[in-house]
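What Swiss-Prot says about this one:
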type    : residues               : note
BINDING : TYR159, HIS192, GLU263 : 4-imidazolone-5-propanoate binding site
BINDING : TYR159, ASN336         : N-formimidoyl-L-glutamate binding site
BINDING : HIS260, ASP334         : Zn(2+) binding site
BINDING : HIS260, ASP334         : Fe(3+) binding site
Amino acid sequence: MASGHSLLLENAQQVVLVCARGERFLARDALRSLAVLEGASLVVGKDGFIKAIGPADVIQRQFSGETFEEIIDCSGKCILPGLVDAHTHPVWAGERVHEFAMKLAGATYMEIHQAGGGIHFTVERTRQATEEELFRSLQQRLQCMMRAGTTLVECKSGYGLDLETELKMLRVIERARRELDIGISATYCGAHSVPKGKTATEAADDIINNHLPKLKELGRNGEIHVDNIDVFCEKGVFDLDSTRRILQRGKDIGLQINFHGDELHPMKAAELGAELGAQAISHLEEVSDEGIVAMATARCSAILLPTTAYMLRLKQPRARKMLDEGVIVALGSDFNPNAYCFSMPMVMHLACVNMRMSMPEALAAATINAAYALGKSHTHGSLEVGKQGDLIIINSSRWEHLIYQFGGHHELIEYVIAKGKLIYKT
């Protein structure tokens, strides 16, 4: 006889819903306390979506006599939403471990970049790599992220800069989206740097006249699926005018605006993003007060990256100011050759210690608000009936242990489940 349901998680000490009323994001006072059930159970259907959540005795009576493909006893454990990593660069070839010593000796990001390192070093090796090589390395990286509790991840291109390599990277991301268990939001980031031999204006023209029309064609044919458009809006890279042109053209072909802004210098990127209706802006270490207010008013998410500020010794993003002004704050790992971090629990820990976020704020930023930043908070980011069955089970009676613990999360996170399917078990 066929099973009636996919999964029963029973008798959890805590089930952290995050949201309980269908909120698409949490801001201001809503972040003070997250929705948590004590002594609860959860049911995921065969379609991969959550069917029921409630007190353990109520769920037991409601589903008495029903069959399940798998039952997990969660006594003494906590169930949380699968984590959402809102900003990564996971497709590339060419390790840059040698640059870490340069950073420790005091070299800045732009000094390394201008010396032929940084992005350009990775671009050369990514152009040389085969599609299969890039896929295998991406697969390994995404598996590391899944083991750390991530079930939805944003994946950027951006280490090609020419059309051929950018499309190669996007095909690799598309293959991962189709073949792997982790959820993926794909981002075209061809404006990650200005290619050698071109000016920023020439690079912007190439993207607008050649790259984006090709993306539109391939998307219409169903060959690749791209969700977002990104530009590195920065002094010495793409200025505000070039950024505006590229983002607007991307929006015109149906892409969500989700870009790098106000990282190393104040560029008024936040104000631009709010004006263009951006879904999210990342970094924001140098954002202005006016930009913060504009983002809050426009409901444009701020994706903060505490790993980057930590590794590059930048000043911390003003998370508290953003939270107090009502900005929708999300978190990302910024995984890339320059910030080699797979772990959203580590990101949350750094956000609490270095950016003075509370643990509820950090968890919301790594779940519902990160999902909002990717335009997916209607299906991801909280444990609610009708949402996708993406969740993690930790071997602790308090959910805060996920953030409190500094490292070693592969032992704390006992199960990772995506679309109701067990994808990792310690």
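Note that Cβ sites are derived from N, Cα and C of the backbone, with glycine treated the same way.
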Around the Cβ of TYR159 (4-imidazolone-5-propanoate binding site), the count of other Cβ atoms that are within 10 Å: 29
Neighbourhood of ASN336 (N-formimidoyl-L-glutamate binding site), C-beta criterion under 8 angstroms, separation at least six: THR88, HIS89, PRO90, TRP92
Extent of the 4-imidazolone-5-propanoate binding site in Å [max Cα distance among TYR159, HIS192, GLU263]: 19
CB contacts for HIS260 (Zn(2+) binding site) [other CB atoms within 10 A, all chains]: 29
Distance [Cα-Cα, Å, rounded] between TYR159 (4-imidazolone-5-propanoate binding site) and HIS260 (Zn(2+) binding site): 15
Number of other Cβ atoms within 10 Å of the Cβ of GLU263 (4-imidazolone-5-propanoate binding site) across all protein chains: 27
Separation of alpha carbons, GLU263 (4-imidazolone-5-propanoate binding site) and ASP334 (Zn(2+) binding site) (Å): 13
Other CB atoms within 10 A, centred on ASP334 (Zn(2+) binding site): 26
